[in-house]
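Student: Encoded as C-alpha coordinates, here's the structure I'll be asking about.
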(Lines of atoms letter the chains of each structure in order from A and count residues from 1; the text may use other names and numbers.)
(Lines give C-alpha, C1' and ligand atoms only; values in the text may rest on other atoms or scores of the structure.)
Protein backbone atom coordinates (compact mmCIF):
# COMPACT_ATOMS: atom_id res chain seq x y z
CA UNK A 1 0.00 0.00 0.00
CA UNK A 2 1.33 3.43 -0.93
CA UNK A 3 1.95 5.74 1.99
CA UNK A 4 -0.39 8.69 2.30
CA UNK A 5 1.30 12.06 1.89
CA UNK A 6 1.24 14.84 4.48
CA UNK A 7 1.76 18.17 2.73
CA UNK A 8 2.10 21.53 4.46
CA UNK A 9 0.91 24.37 2.25
CA UNK A 10 2.65 27.73 2.35
CA UNK A 11 0.78 30.66 0.82
CA UNK A 12 3.33 33.29 -0.18
CA UNK A 13 2.79 37.03 -0.54
CA UNK A 14 5.48 39.72 -0.71
CA UNK A 15 8.12 37.18 0.25
CA UNK A 16 6.35 36.06 3.44
CA UNK A 17 4.16 33.09 4.32
CA UNK A 18 0.57 34.20 4.96
CA UNK A 19 -2.70 32.48 5.88
CA UNK A 20 -6.33 33.51 5.61
CA UNK A 21 -9.75 32.01 6.28
CA UNK A 22 -11.89 31.02 3.30
CA UNK A 23 -9.32 32.74 1.06
CA UNK A 24 -9.71 36.13 2.84
CA UNK A 25 -8.03 38.19 5.57
CA UNK A 26 -4.46 36.96 5.11
CA UNK A 27 -2.01 37.53 7.96
CA UNK A 28 1.75 37.02 7.95
CA UNK A 29 2.76 33.83 9.75
CA UNK A 30 6.47 33.54 9.01
CA UNK A 31 9.51 33.49 6.73
CA UNK A 32 9.43 31.17 3.71
CA UNK A 33 12.84 29.58 4.10
CA UNK A 34 12.67 29.22 7.87
CA UNK A 35 9.30 27.48 7.68
CA UNK A 36 10.29 25.28 4.73
CA UNK A 37 13.38 24.01 6.55
CA UNK A 38 11.37 23.36 9.71
CA UNK A 39 8.75 21.34 7.84
CA UNK A 40 11.39 19.35 5.97
CA UNK A 41 13.10 18.47 9.25
CA UNK A 42 9.75 17.67 10.91
CA UNK A 43 8.98 14.88 8.45
CA UNK A 44 6.67 16.44 5.87
CA UNK A 45 6.47 14.32 2.72
CA UNK A 46 6.48 17.33 0.43
CA UNK A 47 5.66 21.04 0.44
CA UNK A 48 3.42 23.19 -1.72
CA UNK A 49 4.05 26.89 -2.21
CA UNK A 50 1.36 29.16 -3.64
CA UNK A 51 2.38 32.73 -4.48
CA UNK A 52 -1.21 33.84 -4.10
CA UNK A 53 -1.08 37.27 -5.73
CA UNK A 54 0.89 36.34 -8.86
CA UNK A 55 -2.03 35.35 -11.12
CA UNK A 56 -4.13 38.28 -9.93
CA UNK A 57 -1.25 40.66 -10.70
CA UNK A 58 -0.67 38.91 -14.05
CA UNK A 59 2.96 38.05 -13.34
CA UNK A 60 5.10 35.01 -12.68
CA UNK A 61 6.01 34.21 -9.10
CA UNK A 62 9.39 35.35 -7.78
CA UNK A 63 11.75 32.53 -8.77
CA UNK A 64 14.52 33.70 -6.42
CA UNK A 65 12.90 32.17 -3.36
CA UNK A 66 12.35 28.92 -5.30
CA UNK A 67 16.09 28.55 -5.78
CA UNK A 68 16.72 29.27 -2.11
CA UNK A 69 14.21 26.61 -1.04
CA UNK A 70 15.77 24.02 -3.37
CA UNK A 71 19.21 24.60 -1.84
CA UNK A 72 18.02 24.13 1.72
CA UNK A 73 15.49 21.28 1.79
CA UNK A 74 15.70 17.67 0.66
CA UNK A 75 12.03 16.79 0.15
CA UNK A 76 9.99 17.34 -3.04
CA UNK A 77 8.20 20.63 -3.44
CA UNK A 78 5.60 22.05 -5.78
CA UNK A 79 5.27 25.70 -6.76
CA UNK A 80 2.31 27.69 -8.08
CA UNK A 81 1.73 31.29 -9.00
CA UNK A 82 1.18 32.93 -12.36
CA UNK A 83 2.62 30.09 -14.47
CA UNK A 84 1.03 30.78 -17.85
CA UNK A 85 3.39 29.12 -20.34
CA UNK A 86 5.95 26.37 -20.88
CA UNK A 87 8.66 29.02 -20.54
CA UNK A 88 7.30 30.13 -17.15
CA UNK A 89 7.22 26.54 -15.94
CA UNK A 90 10.76 25.94 -17.18
CA UNK A 91 12.04 28.92 -15.16
CA UNK A 92 10.50 27.48 -11.99
CA UNK A 93 11.66 23.90 -12.59
CA UNK A 94 15.17 25.05 -13.50
CA UNK A 95 15.39 26.73 -10.09
CA UNK A 96 14.84 23.36 -8.43
CA UNK A 97 11.09 22.83 -7.98
CA UNK A 98 9.98 19.22 -8.48
CA UNK A 99 6.48 20.07 -9.71
CA UNK A 100 4.56 23.08 -10.92
CA UNK A 101 0.91 23.71 -10.19
CA UNK A 102 -1.50 25.75 -12.28
CA UNK A 103 -4.99 26.91 -11.42
CA UNK A 104 -6.47 30.11 -12.87
CA UNK A 105 -4.12 30.10 -15.91
CA UNK A 106 -5.45 26.63 -16.82
CA UNK A 107 -9.02 27.92 -16.70
CA UNK A 108 -8.07 30.82 -18.96
CA UNK A 109 -6.28 28.50 -21.41
CA UNK A 110 -6.93 24.79 -20.80
CA UNK A 111 -4.50 23.66 -23.51
CA UNK A 112 -1.70 24.86 -21.21
CA UNK A 113 -2.14 21.60 -19.28
CA UNK A 114 -1.36 19.52 -22.38
CA UNK A 115 1.57 21.74 -23.33
CA UNK A 116 3.13 21.29 -19.89
CA UNK A 117 2.43 17.55 -19.96
CA UNK A 118 4.10 17.18 -23.35
CA UNK A 119 7.15 19.24 -22.39
CA UNK A 120 7.88 18.09 -18.84
CA UNK A 121 5.94 14.85 -18.31
CA UNK A 122 2.82 14.04 -16.38
CA UNK A 123 4.62 13.68 -13.05
CA UNK A 124 5.45 17.41 -13.01
CA UNK A 125 2.00 18.81 -13.73
CA UNK A 126 -0.40 19.52 -10.87
CA UNK A 127 -3.72 21.27 -11.36
CA UNK A 128 -5.23 23.09 -8.42
CA UNK A 129 -9.01 23.43 -8.38
CA UNK A 130 -10.77 25.91 -6.09
CA UNK A 131 -14.21 24.39 -5.56
CA UNK A 132 -17.10 26.20 -3.87
CA UNK A 133 -20.23 24.43 -2.69
CA UNK A 134 -23.33 26.47 -3.55
CA UNK A 135 -25.87 25.65 -0.86
CA UNK A 136 -28.73 27.09 -2.94
CA UNK A 137 -28.20 24.93 -6.03
CA UNK A 138 -26.36 22.03 -4.38
CA UNK A 139 -23.64 22.29 -7.04
CA UNK A 140 -19.86 22.37 -6.77
CA UNK A 141 -18.53 25.33 -8.74
CA UNK A 142 -15.00 26.20 -9.85
CA UNK A 143 -13.66 29.63 -8.86
CA UNK A 144 -10.60 31.49 -10.14
CA UNK A 145 -8.17 34.19 -8.93
CA UNK A 146 -8.94 33.28 -5.33
CA UNK A 147 -5.68 34.81 -4.10
CA UNK A 148 -7.47 38.19 -4.00
CA UNK A 149 -11.01 38.44 -2.58
CA UNK A 150 -11.68 41.40 -4.89
CA UNK A 151 -10.70 39.44 -8.00
CA UNK A 152 -12.10 36.01 -7.10
CA UNK A 153 -14.94 34.95 -9.36
CA UNK A 154 -16.97 31.96 -10.44
CA UNK A 155 -15.91 30.32 -13.70
CA UNK A 156 -18.07 28.61 -16.31
CA UNK A 157 -17.12 25.19 -14.97
CA UNK A 158 -18.75 22.89 -12.48
CA UNK A 159 -16.15 21.03 -10.44
CA UNK A 160 -16.92 17.54 -11.71
CA UNK A 161 -16.67 18.51 -15.38
CA UNK A 162 -13.44 20.43 -14.84
CA UNK A 163 -11.90 17.44 -13.01
CA UNK A 164 -12.68 15.24 -16.01
CA UNK A 165 -11.29 17.78 -18.46
CA UNK A 166 -7.97 18.39 -16.72
CA UNK A 167 -7.35 14.65 -16.59
CA UNK A 168 -8.06 14.33 -20.31
CA UNK A 169 -5.58 17.15 -20.98
CA UNK A 170 -2.78 15.39 -19.11
CA UNK A 171 -2.71 16.55 -15.50
CA UNK A 172 -0.66 14.25 -13.29
CA UNK A 173 -2.29 15.22 -10.01
CA UNK A 174 -5.20 17.29 -8.71
CA UNK A 175 -5.30 19.36 -5.54
CA UNK A 176 -8.93 19.99 -4.64
CA UNK A 177 -9.21 23.14 -2.55
CA UNK A 178 -12.61 23.00 -0.84
CA UNK A 179 -13.27 26.71 -0.36
CA UNK A 180 -16.08 26.40 2.18
CA UNK A 181 -13.72 24.55 4.53
CA UNK A 182 -10.61 26.68 4.06
CA UNK A 183 -9.01 27.74 7.34
CA UNK A 184 -12.00 26.93 9.56
CA UNK A 185 -10.63 23.62 10.93
CA UNK A 186 -13.94 21.76 10.87
CA UNK A 187 -12.63 18.77 8.93
CA UNK A 188 -12.14 18.03 5.25
CA UNK A 189 -15.12 18.00 2.87
CA UNK A 190 -15.28 14.23 2.72
CA UNK A 191 -18.55 14.18 0.80
CA UNK A 192 -17.17 16.31 -2.02
CA UNK A 193 -13.79 14.57 -2.04
CA UNK A 194 -15.47 11.15 -2.25
CA UNK A 195 -17.49 12.26 -5.26
CA UNK A 196 -14.38 13.60 -6.98
CA UNK A 197 -12.39 10.47 -6.08
CA UNK A 198 -14.87 8.41 -8.13
CA UNK A 199 -14.10 10.55 -11.20
CA UNK A 200 -10.38 10.85 -10.64
CA UNK A 201 -7.93 8.24 -11.90
CA UNK A 202 -4.82 10.26 -11.00
CA UNK A 203 -3.54 11.19 -7.52
CA UNK A 204 -6.00 13.40 -5.63
CA UNK A 205 -4.90 15.68 -2.80
CA UNK A 206 -7.41 17.03 -0.25
CA UNK A 207 -7.13 20.66 0.80
CA UNK A 208 -9.13 22.76 3.23
CA UNK A 209 -10.51 22.06 6.69
CA UNK A 210 -7.92 20.14 8.71
CA UNK A 211 -8.40 20.82 12.41
CA UNK A 212 -7.33 17.64 14.21
CA UNK A 213 -5.36 14.46 13.66
CA UNK A 214 -8.62 12.55 13.42
CA UNK A 215 -9.57 14.72 10.42
CA UNK A 216 -6.60 13.26 8.54
CA UNK A 217 -7.57 9.69 9.44
CA UNK A 218 -11.13 10.35 8.31
CA UNK A 219 -10.21 11.89 4.97
CA UNK A 220 -7.78 9.10 4.11
CA UNK A 221 -10.12 6.28 5.12
CA UNK A 222 -13.42 7.71 3.91
CA UNK A 223 -12.50 9.48 0.68
CA UNK A 224 -9.36 7.51 -0.25
CA UNK A 225 -7.36 10.56 -1.28
CA UNK A 226 -3.63 10.14 -1.86
CA UNK A 227 -2.49 13.06 0.23
CA UNK A 228 -3.76 15.74 2.56
CA UNK A 229 -2.67 19.33 2.40
CA UNK A 230 -3.00 21.66 5.38
CA UNK A 231 -1.75 25.06 6.47
CA UNK A 232 -2.99 26.71 9.65
CA UNK A 233 -2.86 23.60 11.86
CA UNK A 234 0.82 23.22 11.00
CA UNK A 235 1.75 26.92 10.95
CA UNK A 236 0.22 27.48 14.39
CA UNK A 237 1.56 24.25 15.89
CA UNK A 238 -1.89 22.77 16.49
CA UNK A 239 -0.61 19.51 14.99
CA UNK A 240 2.93 18.11 15.05
CA UNK A 241 3.76 16.24 11.84
CA UNK A 242 5.69 13.45 13.55
CA UNK A 243 2.87 12.84 16.01
CA UNK A 244 0.35 12.97 13.17
CA UNK A 245 2.16 10.27 11.22
CA UNK A 246 2.34 8.03 14.27
CA UNK A 247 -1.39 8.62 14.85
CA UNK A 248 -2.13 7.66 11.25
CA UNK A 249 -0.08 4.48 11.57
CA UNK A 250 -1.84 3.59 14.82
CA UNK A 251 -5.15 3.98 12.96
CA UNK A 252 -4.14 1.69 10.08
CA UNK A 253 -3.33 4.47 7.62
CA UNK A 254 -0.01 3.95 5.82
CA UNK A 255 2.40 6.83 6.47
CA UNK A 256 6.15 7.34 6.10
CA UNK A 257 7.61 7.52 9.59
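Here the Cβ of each residue, glycine as well, is placed from N, Cα and C on the backbone.
Below are the features I grabbed from Swiss-Prot:
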type	residues	note
ACT_SITE	11	active site
ACT_SITE	130	active site
Student: Could you work out which of the active-site residues (11, 130) has its C-beta surrounded by the smallest number of other C-beta atoms within 10 A?
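Tutor: Sparsest of the active-site residues 11, 130 by Cβ contacts within 10 Å: 11.
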Student: Round to a whole number and give the Cα-to-Cα distance in Å for the pair residue 130 (active site) and residue 11 (active site).
Tutor: 14
